[in-house]
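Over in Swiss-Prot, the protein carries these features:
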- 325-608: domain 'ABC transmembrane type-1 1' (DOMAIN)
- 974-1255: domain 'ABC transmembrane type-1 2' (DOMAIN)
- Y277: phosphotyrosine (MOD_RES)
- S289: phosphoserine (MOD_RES)
- K503: N6-succinyllysine (MOD_RES)
- S915: phosphoserine (MOD_RES)
- S930: phosphoserine (MOD_RES)
- 912-939: region 'Disordered' (REGION)
- 1-33: topological domain 'Extracellular' (TOPO_DOM)
- 55-74: topological domain 'Cytoplasmic' (TOPO_DOM)
- 96-100: topological domain 'Extracellular' (TOPO_DOM)
- 122-133: topological domain 'Cytoplasmic' (TOPO_DOM)
- 155-172: topological domain 'Extracellular' (TOPO_DOM)
- 194-316: topological domain 'Cytoplasmic' (TOPO_DOM)
- 338-363: topological domain 'Extracellular' (TOPO_DOM)
- 385-440: topological domain 'Cytoplasmic' (TOPO_DOM)
- 486-547: topological domain 'Cytoplasmic' (TOPO_DOM)
- 569-590: topological domain 'Extracellular' (TOPO_DOM)
- 612-966: topological domain 'Cytoplasmic' (TOPO_DOM)
- 988-1024: topological domain 'Extracellular' (TOPO_DOM)
- 1046-1088: topological domain 'Cytoplasmic' (TOPO_DOM)
- 1132-1202: topological domain 'Cytoplasmic' (TOPO_DOM)
- 1247-1530: topological domain 'Cytoplasmic' (TOPO_DOM)
- 75-95: transmembrane segment (TRANSMEM)
- 101-121: transmembrane segment (TRANSMEM)
- 173-193: transmembrane segment (TRANSMEM)
- 317-337: transmembrane segment (TRANSMEM)
- 364-384: transmembrane segment (TRANSMEM)
- 441-461: transmembrane segment (TRANSMEM)
- 465-485: transmembrane segment (TRANSMEM)
- 591-611: transmembrane segment (TRANSMEM)
- 1025-1045: transmembrane segment (TRANSMEM)
- 1089-1109: transmembrane segment (TRANSMEM)
- 1203-1223: transmembrane segment (TRANSMEM)
- 1226-1246: transmembrane segment (TRANSMEM)
Amino acid sequence: MALRDFCSVDGSDLFWEWNVTWNTSNPDFTKCFQNTVLVWVPCSYLWVCFPFYFLYLSHHDRGYIQMTHLNKAKTALGFLLWIVCWADLFYSFWERSMGKLLAPVFLVSPTLLGITMLLATFLIQIERRRGVQSSGIMLTFWLIALLCALAILRSKIMTALKEDARVDVFRDVTFYIYFSLVLIQLVLSCFSDRSPLFSETINDPNPCPESSASFLSRITFWWITGMMVQGYRQPLESTDLWSLNKEDTSEQVVPVLVKNWKKECAKSRKQPVKIVYSSKDPAKPKGSSKVDVNEEAEALIVKCPQKERDPSLFKVLYKTFGPYFLMSFLFKAVHDLMMFAGPEILKLLINFVNDKKAPEWQGYFYTALLFISACLQTLVLHQYFHICFVSGMRIKTAVIGAVYRKALVITNAARKSSTVGEIVNLMSVDAQRFMDLATYINMIWSAPLQVILALYLLWLNLGPSVLAGVAVMVLMVPLNAVMAMKTKTYQVAHMKSKDNRIKLMNEILNGIKVLKLYAWELAFKDKVLAIRQEELKVLKKSAYLAAVGTFTWVCTPFLVALSTFAVYVTVDENNILDAQKAFVSLALFNILRFPLNILPMVISSIVQASVSLKRLRVFLSHEDLDPDSIQRRPIKDAGATNSITVKNATFTWARNDPPTLHGITFSVPEGSLVAVVGQVGCGKSSLLSALLAEMDKVEGHVTVKGSVAYVPQQAWIQNISLRENILFGRQLQERYYKAVVEACALLPDLEILPSGDRTEIGEKGVNLSGGQKQRVSLARAVYCDSDVYLLDDPLSAVDAHVGKHIFENVIGPKGLLKNKTRLLVTHAISYLPQMDVIIVMSGGKISEMGSYQELLARDGAFAEFLRTYASAEQEQGQPEDGLAGVGGPGKEVKQMENGMLVTDTAGKQMQRQLSSSSSYSRDVSQHHTSTAELRKPGPTEETWKLVEADKAQTGQVKLSVYWDYMKAIGLFISFLSIFLFLCNHVASLVSNYWLSLWTDDPIVNGTQEHTQVRLSVYGALGISQGITVFGYSMAVSIGGIFASRRLHLDLLHNVLRSPISFFERTPSGNLVNRFSKELDTVDSMIPQVIKMFMGSLFNVIGACIIILLATPMAAVIIPPLGLIYFFVQRFYVASSRQLKRLESVSRSPVYSHFNETLLGVSVIRAFEEQERFIRQSDLKVDENQKAYYPSIVANRWLAVRLECVGNCIVLFASLFAVISRHSLSAGLVGLSVSYSLQVTTYLNWLVRMSSEMETNIVAVERLKEYSETEKEAPWQIQDMAPPKDWPQVGRVEFRDYGLRYREDLDLVLKHINVTIDGGEKVGIVGRTGAGKSSLTLGLFRIKESAEGEIIIDDINIAKIGLHDLRFKITIIPQDPVLFSGSLRMNLDPFSQYSDEEVWTSLELAHLKGFVSALPDKLNHECAEGGENLSVGQRQLVCLARALLRKTKILVLDEATAAVDLETDDLIQSTIRTQFDDCTVLTIAHRLNTIMDYTRVIVLDKGEIQEWGSPSDLLQQRGLFYSMAKDSGLV
């Protein structure tokens, strides 16, 4: 009564009247309803949203938008609307003043509407000031207002058309004005305003249009259409990609995760937290709690010493990304509730078809309702998916960023526990797992909610019978739980095998040259395949489990339906299974199918993510290096006169290991030159590492004053140009740069390089010699102009007088660094007299310290050290024209040699150190070059660009790729799978059609006949579905494993068969990417996608068949809709495919850069370049996400459009059912509409899966890409196999031999004609680039000859297999490479030799004592790259390999250049005795080592200049003589 009085004076105006609104052929709302509800609904919406929206705007300021015509128009219209509403109000007041009685509604509604319009105008201005370009809240408000006004408009028009109607002219006119203004406001709200002032997108050359897109464009994903059109017309390139939105960049995402992880670590530890800063400010207080936001963002990761509990990474991820998931939660909840609208409307539609008296408009109303409901579901669902995918992308970005930052600060001990392979997997596979989970995580609560709601509605429909279905589901729970537990076990085992395989592949790729030289490819291939076999075993078990899982998931909804229907019809004869009950229940069962199907997938995804979560937590919880172990002081600190002060310090590599350095005490005054000398493994390199804070300080105090530069023993070179390697992120200062390059003896090298200092250096410096790499490493340190220089034996890898040049011009008292503090680890005793201080190390302690003269006078360990080497020289014999007069022990007979005052005791060592194969000191002095000349132009950019970026294929994935995959599976299994799929879906269709026939059975005496028959056949069809499901699931899973095995085998075999040039130009990141990410896709993703694709395809075909059978009129509409569908799908796939390829290609640099960083992490830390490398990594990740982000939006773009096509099928199926209701049975209507309701989902899944299929099959394409590259010559040729005892003599002939590195480059060796008799010892000398190493590459056929031939014992080596050749000759390479595994495996990977033979070789290589002392002896595990052995010990292992093989021909490629004098002596003496009857070819740096050789080859510019015995060549006074003279040998 209250509302009646509120709406009319006499209470005659009812609020609601069924006969007016519903039970009529011409429905309308009552006046009261129009004046209250239809006015109040839009007002209520805006007032409810206002406080939340205002709060949101207060916290999200995007900048200020200037007043535009659009904004002025919206504001003006807002005021006009307010005026119109209040005009209505004032008109009411005027009427009352005229004595007319008015109901309160005429005062309240205009007042409320007027105030709401003012609020709307206020919000329009607030949005403008906060930078909102298009508002969803306001657009929705205007839409609701218009829809409500539309109902009123229809009513007013209908009233006006009546003859006896009373018309209120003023209110009607104001309403028409109001309606027009609201309509214009709605239209204006569809457009976006201009960008805010000072917006970051203004300066962006290619901003993402999303930020400036209108609300409508955003919810329909229209803003990406431009890229889709472009991608359809021509393949997308990386330049076409838009910049990432600021909130998605690493710069925004990573620091938040790192900060939250830091807080979580702090909570889980007892001690206060310590922050590791990447700041370069040495005065920054460590562990300070008062840090601003920016500083916190720069904190790399947290060091937390004492454990209480493990920090929870899950909590951290939740805290960081929780708000995004809350948004997705809201969208998902709305969507889930809307899902159940379909079955309820279907129930009403079936009732309508059954009720022939119902007004016609109700059928059209239900159809419209079904369509609108489906469209709203579509928009809500894809906003949800978009949020999930973007959140997943951000999680991946954050995880990669956190792992990278952690890798920069992790201790060396922790680094050893996490191999490169494992860390790369954390970035590739584990980060991806989190990304995948983000999409499904809401299903944890959503799936049970959907199940509960479906069961509730089923209870209303079928009563207690539904409990039978619940019982079936409950029975399935323990089965699913067991499978989930098993899945986790298999997942852990799979990840472990994968880590081991990637680790081994990494090592193989890093040491590929050594593998080829030793012909060890097959041994390592077997090792990889053994690990792969374990991996495939686990995959096979997972496949069986997946088949059982698929069987239960597909069968569960059917079993639930069958058991429910069976109980329903059998418990009571009067229970009739009519169309409404059956098909509404079926629609609900179909809703039930999705959560039941997806839950196991979600569980599996959660299991995988939990494994990854644990791995990631363990890695991020590893201990960090303690930067406080070294006290850093600014260079201007007047209080400290010493640059380095160490007091009673003890250091260890790992907390639990015994100390490596004990009781170290010394100080170095500013500007001093200090040498660190000692035997192999005495702790020289460790001392430098300790000063770099790379070791754990157990006790003591260490102070370093000023900035530090570090040159490691093994040079670390980046895959960038030579110039960029030297500049290392610093500005180019041309004069100083030129001075550095000249001082480091790099000018002659720049002459040789195709593009001077702009030449790109391959990964790990593959296109530079060892000496060149070391000089570039030194130049980098010199150019950075630091205060303290830690130089770890930088002169060992260079020619001796290049060493002299570098010492004089860089390190020595007159060099570029003369005013700097220098700590030089060296084996070159000729430089020792010029040192200010010499530190003698022994057994991890400082045994002596003092100046050269002081140490000699003491006649202690240092004097003994010098005497040992002087006598060693004497024993080896003197060259004819050598220096005479060696004084007695300790006798200081002085002489001048090369401008250095040295004792005679050291004189012979000096001869040895300064002897060389080239004359750099002269060469360098002749170069006076500007940096413009250093940038010598190469023939073409391609000629000098060595490393190929990962390329993206373009265009459609070729059918041949699918065919290749089918062949890899096996054609029988492929066709069997398709046949089983077909059988399964035929059974499914027939069972549903059978159900419709059942529901149409006539009712006789309150019951249906043939119920038992109907039920039995229905059950039998269900069982046949189950059997075929299990069959196809098994077939696809097992076929997938066959394909994985075959594709991996082909890839591995081909990569190992590729020539060395392939590895030089292919970054290892590309190959690691193939063996990790792409192979993981083939292992896990493709079989799953095939099952889903085939299922979706048959579902769509089946649904169309049913709709056509039920309503033949649909034949008119299905073909055009199919055409639209096909067009949209092709449109999408063209762009999606290319985006996936671009994403794949941009992923490789992320891993390559990460690999590079891990190898050079100590250098990066020493130079304090962490920030720059973090920025580079972030940039590469962002580049990768730039391709990924459009691909996820494209997915949504497609889904929205396809679902609209699906919704049209729902609309027409319902419409035709309404039109044909008099000729259709309720059963067929139910069947048709229930299938049409599913079509949307099926279409969506079909396109999603077809695009997933195409984007994932790209992995096969990329694997095949490297399976079909060029191959080197066959390893074995049966017809041309040499005799088993070949070569017997060891005679080597070069006949007019020529060699070039690539077809488009000049010859590096020309017209080589030389014969080396068996048993001869031949030295090969020449300056850098003369072709010395090229000669050995030719001998081993690492590079094939361009002309001429090499004959060994009358056999042309080009005619025999590569392994036949390489097994018969042995090399001791310049870089000693070891692989992780046992020491025995490193010596004899094929297990050809007995333990006795191995021990003999170790004894002869002077390693027996060392190996015998190891706990595991021959089974001692070598670390990755042999890092747990010193360089000298590694070189001796290489010697032991040679002794074990004992071939007739031995090649030494500068094998003793990188070792100390003692190791050099050991190697030389062993070679002289053990290889006495062998042909020995030695590429020599130190001329004295070859002075007793039979003959010497002198190479220059790729040609033999001189050839003869050393004495003959000295008498000729040619090139060799000048070298010997430079070296002080004559």
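Including glycine, each Cβ sits where the backbone N, Cα and C put it.
Its own atom aside, the Cβ of K503 (N6-succinyllysine) has 20 Cβ atoms within 10 angstroms in the protein chains shown. Counted over residue pairs separated by six or more positions, the transmembrane segment (75-95) shares at least 3 Cβ pairs under 8 angstroms with the transmembrane segment (173-193), which defines the two as touching. For the transmembrane segment (1089-1109), the partner stretch with the most Cβ pairs below 8 Å, chosen from 101-121, 173-193, 1203-1223, 1226-1246, is 1226-1246. DSSP gives K503 (N6-succinyllysine) a helix state. Long-range contacts of the topological domain 'Cytoplasmic' (122-133) within the same chain: residues 46, 50, 53-54, 57, 60-65, 67, 71, 74-75, 78, 192-196, 199, 211-212, 214, each at least 6 residues beyond the stretch ends and with a Cβ under 8 Å from a Cβ of the stretch. Long-range neighbours of the topological domain 'Extracellular' (155-172) within the same chain, counting only residues 6 or more positions beyond its ends whose Cβ lies under 8 Å from a Cβ of the stretch, are 26, 28-29, 34, 88, 91.
Within the chain, the topological domain 'Cytoplasmic' (55-74) has long-range Cβ neighbours (under 8 A, six or more residues past its boundaries) at 124, 126-133, 185, 188-189, 191, 193-199. Computed over the topological domain 'Extracellular' (96-100), the whole-number mean pLDDT of the model equals 76. Proximity of distant same-chain residues to the topological domain 'Extracellular' (96-100), defined by a Cβ-Cβ separation under 8 Å and at least 6 residues beyond the stretch ends, is recorded for none. Break the topological domain 'Extracellular' (96-100) down by DSSP state and the numbers are 2 helix, 0 strand, 3 coil.
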